[in-house]
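**Q** OK, Swiss-Prot features for this one:
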- 11: active site (ACT_SITE)
- 130: active site (ACT_SITE)
């Protein structure tokens, strides 16, 4: 049986880690390099950096952050946000990222997934999906631009398409659960896992260690993402893993 992963997520804006609720009301959390090294020592299995900077200067700062972090990090680092083309991917990998995460650019140019997978290997390519439940249409749809723009692309269709195009992993954020700390969107995640064979990282809703136990007991996703509950020290990676062990879940 594959051991499950616990992955802290750091949203980085203009060189600082920030966190909000449902992608809004951002507050400053701290220095990304310091936090990354803290989680490295705390037992995190991987790290995710999402660059949400609005300016070119902010994106340039992100390169410096990645380089400084990668020199001292001993766990895999996934980087996403603002990636538009193969040159951007090359730059990130050359500066220390182990994997890259594509979101809006993949929806706009699906062929980028195939090109990146063929050039760098599918193990490097994670497709991030900000999933929004449309009550009127009673279905989940992909959003872009940090969850601000709703598309007509069904999540259940898109996950299958990106796997065929060469994605090696999915990062699914349930927007209506994000930052709410009420638990993961179990039913949605379980359905996605039935449609694909690649690993899934679940994001959005993890409010305590028990939520991670429920996630792994009720779905076959590979990893759970956590942000504010770790940044605010409401729990720790070690506490989450201890609770998972108590629940009979294999951890690293």
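Including glycine, each Cβ sits where the backbone N, Cα and C put it.
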**Q** Counting every protein chain present, what is the number of Cβ atoms, excluding its own, within 10 Å of the Cβ of residue 11 (active site)?
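**A** By my count, 23.
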**Q** Quick check for the class: what is the C-alpha distance, in angstrom and rounded, between residue 11 (active site) and residue 130 (active site)?
**A** 14
**Q** Count the other Cβ atoms sitting within 10 Å of the Cβ of residue 130 (active site), across every protein chain shown.
**A** 27
